[in-house]
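Worksheet: one structure, shown below.
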Amino acid sequence: MADLEAVLADVSYLMAMEKSKATPAARASKKILLPEPSIRSVMQKYLEDRGEVTFEKIFSQKLGYLLFRDFYLNHLEEAKPLVEFYEEIEKYEKLETEEERVVRSREIFDSYIMKELLACSHPFSKNATEHVQGHLVKKQVPPDLFQPYIEEICQNLRGDVFHKFIESDKFTRFCQWKNVELNIHLTMNDFSVHRIIGRGGFGEVYGCRKADTGKMYAMKCLDKKRIKMKQGETLALNERIMLSLVSTGDCPFIVCMSYAFHTPDKLSFILDLMNGGDLHYHLSQHGVFSEADMRFYAAEIILGLEHMHNRFVVYRDLKPANILLDEHGHVRISDLGLACDFSKKKPHASVGTHGYMAPEVLQKGVAYDSSADWFSLGCMLFKLLRGHSPFRQHKTKDKHEIDRMTLTMAVELPDSFSPELRSLLEGLLQRDVNRRLGCLGRGAQEIKESPFFRSLDWQMVFLQKYPPPLIPPRGEVNAADAFDIGSFDEEDTKGIKLLDSDQELYRNFPLTISERWQQEVAETVFDTINAETDRLEARKKAKNKQLGHEEDYALGKDCIMHGYMSKMGNPFLTQWQRRYFYLFPNRLEWRGEDEAPQSLLTMEEIQSVEETQIKERKCLLLKIRGGKQFVLQCDSDPELVQWKKELRDAYREAQQLVQRVPKMKNKPRSPVVELSKVPLIQRGSANGL
């Protein structure tokens with residue numbers, strides 16, 4: 001029966017993988033719902049306050065760029081050639097060979113530069129043209145050949161063109177998507193969890209599928225009780241911090257994190273799913289690797305380490321077991337539990353795996369930085385070639401002996417190693433940091449320039465264009481059976497109690513990596529959700545000619561912000577009432593759907609604007625003169641933050657105004673006034689009163 005359960009778990013997992021690759025959106029069991037277009041009023045304020053409504057910020061985001069592109073190509077004829085030119089340059093930069101770049105560079109020059117020069121309509125500088133022409137004459141076609149044009153295209157798009165985008169419906173859609181992104185609160189219900197694929201000191205790793213996009217991930221679950229029992233809180237939180245540092249930017253050689261969240265019992269990391277097993281497993285199955293095969297793995301690992309080091313992260317646990325293969329055979333560095341940020345202070349702790357730790361890591365009290373990883377790289381490459389660490393002779397398991405040899409022994413390299421390989425390993429395995437390859441001031445570049453890698457084009461390595469030496473078998477789960485992986489003994493943590501103080505440690509644990517969420521959405525459901533939302537909004541407009549009525553009321557007035565909130569302010573009502581609110585400098589107005597009369601609350605009558613909680617949801621509490629109060633609830637976190645800020649600012653400014661006009665201060669007023677005489681749309685005075 002156990003065997004049958006294992007087979008069924010494998011089949012279910014493999015089917016989910018295949019369907020996710022083919023049509024991930026079709027696998028989505030939940031649907032992303034975009035908020036009403038009126039969210040723009042609040043979100044634009046929210047983003048502006050954080051410096052996010054700039055050309056650079058929006059253009060550099062995946063969803064921002066896609067909406068930008070749609071607007072320019074379909075609604076702004078004058079910007080269309082610029083966007084097309086930009087995209088052709090991006091395609092050129094990803095070409096694999098120099099031959100391809102020679103042909104494509106000439107085509108781009110003829111179509112987008114020479115054509116405009118002949119028509120005397122070239123909007124770019126003479127320097128940019130001469131830069132490209134000079135290289136083409138010499139038949140030099142580096143990937144960044146057109147970089148001056150990229151900068152000038154962006155400069156051209158940055159002005160009036162960008163302002164037209166901000167005024168368009170496409171920016172409204174951007175605000176809708178940003179609201180969704182900034183209001184992500186993940187739970188286990190957002191994932192379909194499949195079979196276990198690994199186990200560590202604090203928990204397990206499972207294959208899983210994200211419900212709203214259908215994308216497959218690895219879910220690393222750490223048990224909070226086990227963490228407490230082993231006093232591993234610092235390690236768990238450190239891993240989350242290190243993953244957040246390395247998971248931004250384009251790096252296909254690290255197992256990156258897209259999300260982190262927690263439940264009362266577990267900490268969960270949502271990571272890139274790697275289905276090909278690890279190098280330790282393949283070394284045991286395949287036997288030692290040739291120099292050529294090892295070169296492939298070394299090159300991809302070097303780029304992964306370079307990405308970390310550029311972010312001032314030292315990995316500290318490089319070994320074959322931590323190098324995972326994807327289904328195509330390319331590798332990523334995994335498990336950042338021992339990684340450390342050395343940007344402000346260099347570490348000096350002796351951590352890592354014996355046989356791979358650098359001498360400076362083993363020496364007590366000695367500070368180190370990325371130097372430690374280059375020594376570990378030398379040890380790992382030696383193991384891939386010989387089957388054991390250079391400091392683990394005769395299969396000894398004595399850690400003290402391994403450490404002693406690391407600190408004192410000069411590594412003897414076999415005569416079978418090529419001179420280029422010997423040079424590389426001798427450089428990496430230098431005990432003296434000041435003489436070690438990678439530690440002489442130029443980091444990874446020193447290793448890339450080693451004669452051992454002379455045959456490689458590092459751009460092609462980055463683009464993963466070299467064929468892997470080993471491709472994991474398809475249709476198999478390259479992990480041990482669930483029963484072989486085993487499970488933790490629940491008795492171990494039976495006496496461990498999680499207190500409020502324990503949970504408080506993880507208060508800031510949840511995280512969404514913006515660029516990875518946007519990439520996930522773009523690859524899966526972006527077009528589908530946009531099309532469905534367009535249809536829904538068009539249907540509402542056709543059904544109700546008054547759609548947009550709420551927003552129209554704010555036009556031409558001194559309305560600070562407007563949008564939907566739910567209120568609970570009537571002592572006879574215990575249910576939330578959804579209303580559309582308008583904030584003016586001297587009052588707050590609101591009305592219900594299909595209601596002509598509306599109510600208002602003047603700033604003079606408000607005594608305070610506070611944040612409160614009702615059933616674990618944050619709300620706004622407006623205390624009114626006479627002992628009354630209103631409670632307002634927002635649909636998302638950004639809305640709550642912005643309404644609180646704007647209400648407090650308006651209240652504060654109104655108070656200052658009242659202080660300057662003493663006669664108005666004690667004038668009695670009704671706290672809430674119903675404006676029932678004139679329909680909302682007809683009221684058009686300059687100050688709205």
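Glycine residues also receive a Cβ, built from the backbone N, Cα and C atoms like all the rest.
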Candidate from LYS220, LYS224 that Swiss-Prot assigns to the same ATP site as ILE197, GLY198, ARG199, GLY200, GLY201, PHE202, GLY203, GLU204, VAL205: LYS220
Feature phosphoserine, as given in Swiss-Prot - residue among SER389, SER670: SER670
Cβ neighbour count within 10 Å of VAL205 (ATP binding site): 22
Cα distance (Å, whole number) from ASP317 (active site, proton acceptor) to GLY203 (ATP binding site): 19
Rounded distance in angstrom between the Cα atoms of VAL205 (ATP binding site) and ASP317 (active site, proton acceptor): 19
Residue pair ILE197 (ATP binding site), ASP317 (active site, proton acceptor) - Cα distance, angstrom, rounded: 21
Rounded Cα-Cα span from ASP317 (active site, proton acceptor) to GLY201 (ATP binding site), Å: 15
